[in-house]
C-alpha cells in the first residue's frame, strides 16, 4: 500500500533521527512564512513551496493509527498531549518517489511528527499530512476523468496529470467532470488536430446522438477510435466543441417542438445558446485552443450542409473567413512577453451564429482592453505587436515596396517602438516559434485576401504601420529643438524620420508640428493654444501613436466583423430561429515584477470570470439542489465577491476612486489617488494591504484568488484617462491616404462617444477624458450577462513549466495553477453533481417514449399518453380495445409531474437491472443485446409477474436520476444511457415509418400494373371470343414481366393480406374498364362492340 506523505513530516522525522528536532521546527516555521508572504516577482516565491507531497510505500503500521485519532488537535498541541493509547504507534515507510531527495530512505513517522504539516498544510491545500494513494497500476489504467479516481485529493490529481503528461500526445487532455484540463505540450503533436482526429470525434458524436453505446470514460484512457472498438475516444478539445454543438442542437430541437408553442414564456430548462470559456495563465495555450475550437465547429458546419457556401464565392465561404480572421487579430493584437511568445494582449469573445439546422451563418468578434502601453514601450526580453516585426522582416515585401515604405535597409533596432528598454532579459522562454516573421506575414496577407481586403487596402494598412514605426523615432533624443529657454519646442527638420513620416502619413510639416508641440483648450468660451516643451511633446507623440494604433486595430475588427457577419437577412434564421456558440479567449491572471493599471484590469477580469465559474460549479449548483430537494452533501468554497467589491464597488472601489480623481482635473495626481485608496480600504478590507514601505512608494497589494499581487500606482491616472489629442484627429483627417482618414474618423468617434454622452459631458479642452476603467467595467458586466444566458463549457489550460520546454513538467507550477483555477473544488462537486437537468414537460416530451420500450405493454398504465406520429401509434397495442372518450377539458389535462414520477421509476429500474446484469456477466455484450426490449425478453420470467413485484420500492438516486420539485436531475452516465436508448427507439421507428411509406408506394405501383394487365387480358378475351387469354405478342410481354416482378415484393405479406389479394386473370368480371377510370357492365360492353362491327360492315 502506498500513501502520500507531506515533505514537512518526512523532514521532521529525519531531523529527529539526526537529533535535530529544533531544525525541524524552524523548517516548518520558515515554510509557513514562505507560503504567507506576498510574491513580488510573479509566482516564483509561492510556487517553491507549492508541491509538498512525497509518495511512499507503507512497510508497517497504519496511517489511521496516527491520523484517525487526532481529533481536532492542531500543531504542537497534538505532540504535546498525545493520546495514551497511541504511545509507540509508528508508521514505517519507504520513499518511493524517484524525484524526491529522500528516495529509497526508510523513515519511521510518529504522531508527534504530524505537527510539522499542520503549520503549512492549510496554506498548501491539504487537510491531512498523510493521504492514501491510488493503486499503482500501469499507465494504461489511468482514468481519463479525474472524478473516477478512487482517492480524490490534490496529490492524486497532480500525480494522474503528471503520469498522463509523460505518455503519448493524446493524453495531454484530461477531463474533470464538466471541465477539460489541457496541459500545453509546447510542441506540435502529430495527428492530434488533423482531419482524421476531427472526423473521429464528429462520428462519435453522431453515434451517441443516434443511440450508439459508449463505455465509461474511465475505460477510455487509450486511443481507441469508435470504429475499432466500443471505447469512447479520449478527452479532447474537439469533444468539448462537439458537446457544445450537440447541446445547441438539442436546445433548438426543443424550441421547435409543439410543447414550447403551447407554453410560451415558460422556462424550458434547456438553453440553446452555448459558450466555451478558455482560461489559463499566459503561455498555457489558450489562443491555440480557441483556434482549434473554431476549426472544428466550422468543419462541422460544412458537414451539415456540404453544398452551401455563404459569401462572394465558393473560395471564400463563411467558414473560411471565420477561421482566417484569427490570423489578422493575432498579428495586430499578440506580442511576445516574458512568459509567452504569442501572448494575446487583448481579450476577445467570438460569437459563432448557427441556423436552426446547425449551419454556420455568421460570426462576430468583440474585443476587450487592448494593451496600448506596449505600443510605445516594453521591457527587455519582450516585444511589441507582431505586425511591426513582420513588416520589417526580409522577404515580407518586395524591394520596391520596402523602398516605398522607407524600410529598405531598416531593422527592428532602428525604431523606438521595436527596441526594448534597457536592462537584463528576464525571460526564461526557449523561443521555439514565432520567429519566422516573413512566413507569419504571408499568412496575414492570405487571411486578408480571404476576408476581402483589396491589394490597395492592404498596402495602405502596411503604410500606416510603417508610418508609426518612423513616428516613434520622434520620442528619441534630438527629435525636438527647444526654443524660448526650453518652454517651447519644434520638430527637428534634420531628423531622418521626418520625411518618411510626412510621406507615409500624408500630412504636411506644419500640421504635424502643430499637432505634437501645441495643445488647445477652451477657457471662458474662447479657444486657447498652449505650447509644449520637449518632454511634453514626446508624451504627445506617444499619445498620438497609441491612439492611431488603437484605431487601426478597431478598424480591422470592424472590417472583419462586416465580412464574417454573414447575410443580413437569413430566411432560415428569421423564420425558425437559431442559436450561437460563444468562444471566450481572454488574458490570464498576471503578476510581474512591476504591475500597473493594465494588470489590475486583467486580474479584475479574471476575478469576475472566476466568480462566474464558482457560481456555476458551486454556488448555483448547491442552491438549486437545496431548492429542489435533491440529496446532496454541501461543499464549502471560497467566494471572491469581496475582491470584486474592493475593485468595482460603486462608492469606494479602487476603480471608482480612480474615476473620481480623474474628474477632479489637474489638481489630482497618482499620489492623491493612492492616498484616497489607503484611507478607504486599509481598515475595511482584509483583501487589501499596504506596508509602510509600500505606502511610501505609492504601492498596495491585493489578495487575489490566485495569489497576492503588488500594484504600483505610478501612471494610473494617465492610463485611465486615455488621453486622445484633438489635434491628432485634425492631423489625420487632412491626410492624402484614405486609410489614415478612416483613422481620424475613428478617433473622432471615440472622443465624442455616443450622442447622449456628448450632450452630458461637453468637451472643455482638446483632451477627451474617457475612463478606461469605467469602459472596461461596463464591457465586463456585459460579457458576464452574455455568458450567464448560455450553457457554459470550461477548458482550463495549464503550462507545464515557465520555460515552455517540451517533455518537462514542474509540479510546483501545475499544482499552483490547479489551486488558482478552482479545479480541485470543481472535481469534488462534479463527482457528486448532476450536470443534466430537465423540466417535467421537457423531460416527458423527450423521453416519454422510453416507457413503452423499457417495460412490457401489460404494465403500461393508462395514465400515459400514447406516442403517436400522425395516425400511426408507435406504442404497444393495448390488450383490449379502447373506447372513444369525450375530449378532455383543460382542467383534466395530462399532469407531466405524475408522468415523470412513473417514468423515473421505470428508468431507474432498468438502469439498476442493467448494472446488475453487467456485474454478473463481465463479458462484452453485443450491441443488439443492449436493446431495452431484448433486455426484458431475455431476463424476464415467462410466468406472469407476481403482484407484489410491481410495488417494489426503487431508489432512483442509486440509478443516478432524482426527481426534484420542478426538474429532473441526471448524472452523466445516466443521461448517456437514456439518450442512447432514445436514439435506438427513434432509429427503429424511423425505419418502420420508412418501410410503411415504401410499402404504400410499391403497392400503388403494383395495383396500377395489375389493373393495366387485367384490362389488357379482358380486351383480348372479348375480341377473341374466349375467356382464355390469346397468344401474347412480343411487344406485350412487358406487363406480365412487371407483374411477376412486383409479386415478389409482396411475398412477405401476412396470410390475411394474401387471401384478400386480387383474383387471377381467368376470372370473368361483371364490370369492364373502358379507360379513364370509367367502367361498363359486360352485357353493355358486348352490345357496343357488336354495334360498332355492324356499322363498319354497312
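Yeah, the Cβs are placed from backbone N, Cα and C, and that goes for glycine too.
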| query | Of 711-733, 734-756, 757-779, 780-802, which range does TrEMBL call region 'Actin-binding'? | reply | 780-802
| message | region 'Disordered' per TrEMBL: which of the ranges 823-845, 846-868, 869-891 is that? | response | 869-891
| field | Which range of 976-996, 997-1017, 1018-1038 is region 'Disordered', per TrEMBL | value | 1018-1038
| remark: Beyond a gap of at least 6 residues from its ends, the CB atoms lying under 8 Å from the region 'Actin-binding' (780-802) belong to 161, 165, 176, 178-184, 186, 237, 240, 243-244, 247, 251, 271, 273-281, 283-286, 289, 339, 349, 366, 368, 428, 582, 584, 604-605, 608, 612-613, 616, 808-810, 813-814, 817-818, 821, 823
| said: Around the C-beta of residue 285 (ATP binding site), how many further C-beta atoms are within 10 angstroms, looking at every protein chain? | reply: 26
| remark: Quick note, residue 286 (ATP binding site): same-chain residues at least 6 apart with CB under 8 Å of its CB -> 278, 279, 280, 344, 585, 586, 588, 797
| request: May I have the list of same-chain residues other than 280, 281, 282, 283, 284, 285, 286, 287 whose Cβ is within 8 Å of the Cβ centroid of the recorded ATP site, in sequence order? | output: 184, 340, 343, 588, 797, 799
| note | Secondary structure split (DSSP) over the region 'Actin-binding' (780-802) reads 9 helix, 8 strand, 6 coil
